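Engineer: Below is one structure. I have some questions about it.
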Amino acid sequence: MKIDGKPFRSIWREEDGSPWGVVKIIDQRWLPHDLRIEALVDRQAFAVAIRDMWVRGAPLIGATAAYGVAVQMAEDPSNASLDETWEVLHETRPTAINLRWALDDMRARLRPLPPEERARAAFARADTICEEDVEMNRKIGEHGLAIIRDIAAKKQPGEPVRILTHCNAGWPATVDWGTATSPIYQAVEAGIPVHVFVDETRPRNQGAQLTAWELNSHGVPHSLIVDNAGGHLMQHGEVDMVIVGTDRTTANGDVCNKIGTYLKALAARANEVPFYVALPSPTIDWTVKDGVREIPIEERSGAEVTHVQGRDAEGRIVTVQVSPDGTDARNPAFDVTPRALVTGLITERGVCEASPEALATMFPDRANKV
Ligand code: MRU
């Protein structure tokens with residue numbers, strides 16, 4: 001997608017005269033206020049970037065980990081180094097399954113190769129993972145566009161399709177396009193009027209900081225809302241559909257996503273608003289069935305709840321405390337929406353029901369492998 005009209009991806013490899021070039025990312029901690037680009041030069045830098053959320057969003061976490069393996073293979077392509085890198089990167093964040101998917105994929109492809117061939121193969125595969133992510137998201141957009149088109153067809157000409165989204169499942173969370181935003185961008189390109197309600201998404205405000213920023217950059221009409229406003233808007237008929245992303249969807253169709261998604265799904269069901277989840281297939285964990293009981297939920301620092309980051313009148317990025325000194329805070333970062341609340345899963349292969357049967361029919365090549 002674009003920043004200030006210039007094409008951008010969230011991660012890329014740049015020539016710098018060295019054999020493999022340098023991997024660069026946007027350090028998302030400072031958006032929308034500052035566009036800071038960082039080079040990730042060794043395994044530790046990759047681990048820090050994922051753990052401390054310089055990069056975030058399930059597909060981007062996976063792509064970053066793949067490059068982290070490649071950079072380490074250029075440094076030390078031994079079996080021990082490959083295994084240790086899997087561990088070091090895997091322990092950075094527990095919930096998004098794309099991380100384990102990318103690490104498993106890299107290790108399975110590299111292990112049979114002689115060590116001297118591993119760096120080249122690893123960079124090539126990491127590049128491919130990125131290209132595949134872009135293509136999957138583009139296709140998710142096509143399938144999601146068909147749903148938006150159907151809703152638009154029932155409206156008066158010029159009346160926007162009103163879409164609520166939570167967190168940031170936009171292009172910064174993937175390599176490009178985004179998952180939840182891809183149908184929205186494609187609807188705009190197709191000339192369908194849309195209006196997006198953007199949940200701010202406390203505690204880290206990915207909606208306010210990232211989704212509002214990218215929709216603004218692309219001229220997509222939107223309103224930022226507090227996390228608690230969605231139910232009210234749905235109750236008053238102001239939302240036509242919800243589209244969210246996911247960090248891990250089980251083989252049964254349960255959807256784990258940013259904390260607060262479950263409440264939106266409940267409100268959507270109570271108000272008969274369709275609730276869609278957009279996901280590329282690496283986000284499906286075929287080894288897990290019951291999302292509520294089996295998916296590890298990341299617990300982050302309470303400081304993210306007691307404090308908020310923003311920009312002051314002088315343009316400086318500041319963190320301010322919003323609760324009394326010493327307040328205890330709990331900060332589960334994700335929740336699970338049971339499949340019964342999901343209207344449909346928008347994948348790169350098409351839209352299916354959130355059920356084990358429908359997922360297995362859509363992905364027979366993956367479902368039967370586990
Ligand atoms: O904690 P984050 O910012 O990594 O959480 C991101 C989300 O929950 C996204 O909705 C999800 O990864 C889908 S991204 C296409």
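Yeah, the Cβs are placed from backbone N, Cα and C, and that goes for glycine too.
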Engineer: R56, G57, A58, Q206, N257, K258 bind substrate according to TrEMBL; which of R36, R93, R293 goes with them?
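Structural biologist: So the substrate site in TrEMBL includes R56, G57, A58, Q206, N257, K258 plus, from the candidates R36, R93, R293, R93.
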Engineer: Measure from each Cβ of the binding-site residues G57, R93, Q206 to the atoms of ligand 1 and list the residues where some distance is under 6 Å.
Structural biologist: G57, Q206
Engineer: Starting from the Cβ of R93 (substrate binding site), draw a 10 Å sphere and report how many other Cβ atoms land inside it.
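Structural biologist: Its Cβ shell of radius 10 Å holds 21 other Cβ atoms.
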